Every structure is written in structure tokens, then in C-alpha cells.
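See below for the structure under consideration.
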Amino acid sequence: VTTMVFITVINKERKDVMTVTPWLAPVVWEETFDTSLIDSFYKMQNITVATTVFALGKYVQFLKDFLESAEKHYMQGYRVHYYIFTDQPEAVPMVTLGANRSLTTLKLPSSNRWQEITLRRMEKLEKLIDTQMINEVDYIFSLDVDTKFYGHWGAETLGDIVAVIHPGYYSTPRDEFPYERRPESQAYIPQGMGDYYYGGAVIGGRVEEVHKLAKICRMQLDMDKANSIEAAWQEESHLNKYFLYNKPTKILSPEYLWQDFKSKTDDIKIIRFSQVIKNYAEVRPNP
Ligand code: UD2
């Protein structure tokens, strides 16, 4: 199936953007895939797509728009199981879910450091897959909650291990990527190395592959913690290190992770998923 989808993706090639990586993974852009053909593969397989989001502290306010917009645009026609990690289960909004879509709330204590919240997601993801998912779920996406869907996000995003290009750095020269540059950190990437700068807001793939990623990133985060070092962009830095040595088999273009404050560029024909504008000082527990 992967091979057939891959062929579908690169057949309708766009000339203005890079649609395939040097290691031959497709980069998904509008006009590079045929939704009905892709659906005809995946619908037959009756797959379940787990979707994890963390909404701790004041970030619960983002859940309503996230879920309502996901119900309009995200994985329509597929079985979707949302797993919401929150310290305030009572604040999870009642959103009407479509057929074959369900939601589980998981209680988690918050932290007084936002950095701790974002980096602990790897450990929670690893445990959740271990305990609840391995035989129940085919694919998984871990998504940031301070986001909204604006357009189609379907089975063209599925793959063994899937990364998204961070919208802030897709035209930045490699040596200016904000990778972790201190050799003391397990997330260290030397100058001259690296392929893309991937965003921590979207991690996806087959459940076993995402488990492997979460486990390795969690182990490296633990080693950094033991050495009293925190990577420049927490788990996002470790994710970038992981993808340097374990190449994603599919890459999502910035259509799949935009930022509301950025104006659209000509190569972005559709914004599908975007980080909303937030007042960091107001929503985060610490500066
Ligand atoms: C970037 C990344 C984010 C993560 C972070 C690393 C993008 C667009 N975003 O975003 O994925 O890698 O850098 O530090 O690539 N959260 C809470 N409560 C909090 C704080 C965070 O629930 O008090 C959760 C929530 O799901 C949020 C996520 O952690 O969406 C990421 O935190 P952020 O959005 O504050 O991080 P940000 O904007 O620096």
C-alpha cells in the first residue's frame, strides 16, 4: 500500500516546490495527491487513527476550536479516537462527534513550567501506546492543541513515520535552523547536518513507529535531565535529532502546520492546520 500511495503522490508533481526528499520520501502538497485514489486504499483497511492532544492549565481554552474544526476537516470518513490529556477533565468541551469517532479524557497533573509540559508529551505518548493502543490502533497523530483545522487533512498524511516542516523555517538555510547546537545535549546536531527543521506540533505514523520515536526521544530527554541540560526547543529539538538518523517516510508541507500570524505565500495553496495566535504571557504558567 505504501508503495502505491507513494506513486500516487509523486505522479502529480508540482514544479514550484520540492515534492520528494533526497531519500525519496514524498512531501505532501496540494495538487500532489488524489484523495479518491488514496481513500480507496485506506478505506478498505478499516483503519483507526488515534489522535493525542495535551491541554494542561490554560490551554484547555483551545480544545473547543481544535475539536470542532477537526470534526469538519480531519480524517473525515475514518475511525478517529481522540485522547485528551488534561488536568481539568471537567473543562473538556462537549463537542458532537461524527460517526465512528470517539474521545477519551486522561487526567494528568499540570506543571508550573510550560517546558516540562511540552517535553513530557513523549513519555506520555510512549506509555499510552504501551498500555492502550498497540493492538487497537493503526495510525497515530500527536498534535498541538493551540491550533485549528481550516482545510482537508485526510489519508494522504498517513505513512510509517511522518513529520511536518515547521512553517517558520521552510525557506531558511540549514545552518540557521534552531537545532540544539551544544554537544552536551543528546539533541545536538552539528552545523552542516540536518535535512529540514521539523515542527513539534505534528508527529504521526504507524503506532509501532511512533512508539519507537517517543521512546528514544524520552530516553534522550531523561539523559539530558540527568545532565541538567534542556535542549533549545525541548522535545522538538530531540524530534529533529531523531529524524536526522531515522528519516521520515513521509513529510507534510507547511500546509499541514501554518501559523495564523503569518501571511500566506504563493506556494501555500491551502492552509489546512494552523497554530492560532496566543498571548504567551497570558496562557503559559511561566515566562
Ligand atoms: C513549539 C512547537 C511545539 C513544541 C514547543 C517546544 C510548533 C508550531 N510548536 O510551540 O509543538 O515543540 O515549541 O517547546 O511547532 N501545552 C499545554 N499547556 C501549557 C503549555 C503547553 O497543554 O501550559 C501543550 C499544548 O498541547 C501545546 C503544546 O504543549 O499545544 C506545545 O506548547 P506551546 O504551543 O506553548 O509551544 P510553542 O508555541 O512554543
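Here the Cβ of each residue, glycine as well, is placed from N, Cα and C on the backbone.
The UDP-N-acetyl-alpha-D-galactosamine binding site annotation in TrEMBL covers Tyr59, Asp144, Val145, Asp146. Counting only same-chain residues six or more apart in sequence, the Cβ atoms lying under 8 angstroms from the Cβ of Val145 (UDP-N-acetyl-alpha-D-galactosamine binding site) belong to Val53, Phe54, Ala55, Tyr59, Phe62, Leu63, Phe66.
Look at TrEMBL and you will find Asp144, Asp146 tagged as Mn(2+) binding site. In this structure, Asp144 (UDP-N-acetyl-alpha-D-galactosamine binding site) belongs to neither helix nor strand by DSSP; it is coil.
Spatially close to Glu236 (active site, nucleophile) yet at least six residues away along the chain are Thr118, Tyr198, Gly199, Gly200, judged by Cβ distances under 8 angstroms. Taken residue by residue with DSSP, Glu236 (active site, nucleophile) is part of a helix. Residues annotated as active site, nucleophile in TrEMBL: Glu236.
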